[in-house]
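Engineer: From TrEMBL, here are the annotated features:
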BINDING   N18, L20, G45, E66, D91, N112  S-adenosyl-L-methionine binding site
DOMAIN    25-197  domain 'Ribosomal RNA adenine methylase transferase N-terminal'
Amino acid sequence: MNSKVHQGHKARKRFGQNFLHDDYVIDQIVDAIHPSDEFTMVEIGPGLGALTGPVCDRINRLNVVELDRDLAARLATHPFLKDKLSIHQADAMKFDFTQLKEPGKKLKIFGNLPYNISTQLMFHLFEFAACVEDMHFMLQKEVVNRLAAGPGSKTYGRLSVMAQYYCQVVPVLEVGPEAFQPAPKVDSAVVKLLPYEVPPHPVTDISCLSRVAADAFGKRRKTIRNSLSHLFNVEQLTALGLDPTARPEQLTLVQYVVLANALAERKE
Ligand code: SAM
């Protein structure tokens, strides 16, 4: 059965609601998260509490950020969970996660994310990498592949460059549609993101990295001499040690950092 009604709640498509109901998968995810009160624990999109419950069995306090008012209200009156939860009825895409920080504690963030916003949400979350211990997310398998992809891969793109700038990316588990209700049309996967204490290849201005990656991959089929011609001429690319006839998917993260820092220097 693939009912849209789960535990008396009608799944809302616009909020990307696909509720987990496979206990084996839930246990695997909770084990990977390794919940601990040594950290400020944060769940994005708790929904009906499939992960919230088992995580709360192991800790005393959990922040949850849920956009759906009905689901937030349900959790607020949940007999076993309500005393452990700090409920933020809010849009995670606009949420300032630094407001949750407690002295001496980093954030541990997790969630079975709404797939319709997952890429944009990733970019938003990277901004908080400095105060995050780790993040575990259920995403579309294709998005996990993009996060983890390296140069030369078809799925390597701006998301890969930005994710790998901030974090070590570790795919954890693949999950089929049958683990959810209603079942999504795509395969899913869990990924662990471990932000670096200090990025191994730092940029002077992160907006420059985002810009060169967006512009280069925006015209994927073109060589960088074409896609980045508004930022660098052939001589400048060559002086930076880059092949102007290379395509965006051939450049390593370090080469994107070189471009970003050259752009930032010029802006100063
Ligand atoms: N964690 C639950 C589970 O695993 O069964 C629900 C996961 S469901 C895929 C995504 C959840 O994110 C839903 O509860 C949905 O209401 C919530 N959500 C959707 N958009 C959101 C947003 N922008 N900010 C916060 N929560 C959101």
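Just so you know, glycine gets a Cβ as well, placed from its N, Cα and C.
Predicted automatically and left uncurated, TrEMBL annotations should be read as such.
Each of the listed features needs to be described in terms of its position in the shown structure.
Structural biologist: Within 10 Å of the C-beta of L20 (S-adenosyl-L-methionine binding site) we count 21 further C-beta atoms, all protein chains included.
The average pLDDT computed for the domain 'Ribosomal RNA adenine methylase transferase N-terminal' (25-197) is 97.
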Engineer: Across all the protein chains here, work out how many other Cβ atoms are within 10 Å of the Cβ of D91 (S-adenosyl-L-methionine binding site).
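Structural biologist: Taking all protein chains shown, D91 (S-adenosyl-L-methionine binding site) has 13 Cβ neighbours within 10 Å.
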Engineer: I want to check the contact list for N112 (S-adenosyl-L-methionine binding site): same chain, sequence separation of six or more, C-beta distance under 8 angstroms. What comes out?
Structural biologist: N18, L20, I29, G45, G47, A50, L51, F137, M138
